[in-house]
Amino acid sequence: MRLGPRPAALGLLLPLLLYAAVAGASKAEELHYPQGEHRADYDREALLGVQEDVDEYVKLGHEEQQRRLQSIIKKIDSDSDGFLTENELSQWIQMSFKHYAMQEAKQQFVEYDKNSDGAVTWDEYNIQMYDRVIDFDENTALDDTEEGSFRQLHLKDKKRFEKANQDSGPGLSLEEFIAFEHPEEVDYMTEFVIQEALEEHDKNGDGFVSLEEFLGDYRRDPTANEDPEWILVEKDRFVNDYDKDNDGRLDPQELLSWVVPNNQGIAQEEALHLIDEMDLNSDKKLSEEEILENQDLFLTSEATDYGRQLHDDYFYHDEL
């Protein structure tokens, strides 16, 4: 197959999706909790939304679902006292997040490593992502605005690739590839993530991100009496979620909590939600009986990765 140039709009789409996976985490949360209300169907859609996964879920009989679920409950119960606390649920959900992120990265590594030599080169990454090797000259003027935006994102990817390549070899090892795909999971990538975010959002170069910079190019319509709902939501997030010291700007650490998905916070929120919904005797913890009584709810939550763990013996196997 001849690898020719791809349409600019399509070329832009892929890196934008990658960027949105990190910077747009708050949008997914809005879908999960519209107007602050939990959508149980979103839980199932999020990972069981693929029809093949739904089919596998349905194939399991009720007794087998229950057996595997009981095995998972025992593993979540780290102190073996017969109850699941908020902390135990939160720790389990965070472990689940990391497990699936690592599994996905390992699968991607095999796909990207075209010559199966145990390393992913920059050219191999480009071929897998864009069907062609892209080599932008940073200083060449481009007439096409979309192509210019794509070049900017592509060069960012290249910088992240080079940062992940700790040994400066010809390609990324599996561990380095994981650092490239999931920099939030690797300590040596933290500073790079912060600097990348500052370059993107810190327009005046003071080392902080103000509310105006946080909102990007938004300007209120002069004919409107108030900001649109999504702007009000983003302002609320800035003030209440990210600006911890209330100084009206985000320092590098506060910025990190914005641009990197906060798995700990998400996991804690889901743990509290489950206890609130399933704790029949109001003791702030869950017994096996309470969970089995609300089995459908538990299987549409992040505690079982929306039922996915029932099909992954890493979680329900006795030797985890």
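Any Cβ shown, glycine's included, is placed from N, Cα and C.
Look at Swiss-Prot and you will find Asp113, Asn115, Asp117, Glu124 tagged as Ca(2+) 2 binding site. Cβ environment of Asp113 (Ca(2+) 2 binding site): Ala119, Val120, Glu124 lie under 8 Å away, each six or more residues apart in the same chain.
What Swiss-Prot lists as Ca(2+) 6 binding site is Asp279, Asn281, Asp283, Lys285, Glu290. Under the DSSP three-state reduction, Lys285 (Ca(2+) 6 binding site) is assigned to coil, being neither helix nor strand. For Lys285 (Ca(2+) 6 binding site), the same-chain residues that are 6 or more apart in sequence and have a Cβ closer than 8 Å to its Cβ are Phe83, Leu84, Thr85, Glu86, Ile275, Asp279.
Look at Swiss-Prot and you will find 64-99 tagged as domain 'EF-hand 1', backed by sequence analysis.
Look at Swiss-Prot and you will find 100-135 tagged as domain 'EF-hand 2'.
Per Swiss-Prot, the feature domain 'EF-hand 3' maps to 150-185; the stated evidence is a curator's inference. Under DSSP, the residues of the domain 'EF-hand 3' (150-185) split into helix, strand and coil as follows: 26 helix, 1 strand, 9 coil.
Under the heading domain 'EF-hand 4', Swiss-Prot lists 189-224, citing sequence analysis as support. Mean pLDDT, taken over the domain 'EF-hand 4' (189-224), works out to 89 on the 0 to 100 scale.
The annotation domain 'EF-hand 5' is assigned in Swiss-Prot to 230-265. For the domain 'EF-hand 5' (230-265), the list of distant contacts is 22-23, 25-26, 30, 90, 94, 97-98, 183-184, 190, 193-194, 197-198, 201, 207-211, 214-215, 218, 220: same-chain residues at least six beyond its ends, Cβ to Cβ under 8 Å.
What Swiss-Prot records for 266-301 is domain 'EF-hand 6'.
According to DSSP, Thr140 (phosphothreonine) is assigned to coil rather than to any helix or strand. Per Swiss-Prot, the feature phosphothreonine maps to Thr140; the stated evidence is similarity to another entry.
Residues or ranges marked as signal peptide in Swiss-Prot (evidence: similarity to another entry): 1-25.
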- Please compare the binding-site residues Asp279, Asp283, Glu290 by how many other CB atoms fall within 10 Å of each one's CB, and tell me which has the fewest. Asp283
- Whole-number Å only: compute the distance from the Cα of Asn115 (Ca(2+) 2 binding site) to the Cα of Glu290 (Ca(2+) 6 binding site). 51
- To the nearest whole angstrom, state the Cα distance for the pair Asp117 (Ca(2+) 2 binding site) and Thr140 (phosphothreonine). 34
- Close in space but at least six residues away in sequence, with Cβ under 8 Å from that of Asn281 (Ca(2+) 6 binding site), the same-chain residues are Glu290
- By a three-class reduction of DSSP, Asp117 (Ca(2+) 2 binding site) is assigned coil
- Query: Can you tell which of Asp117, Glu124 has the most other C-beta atoms within 10 Å, given these are the binding-site residues?
  - Reply: Glu124
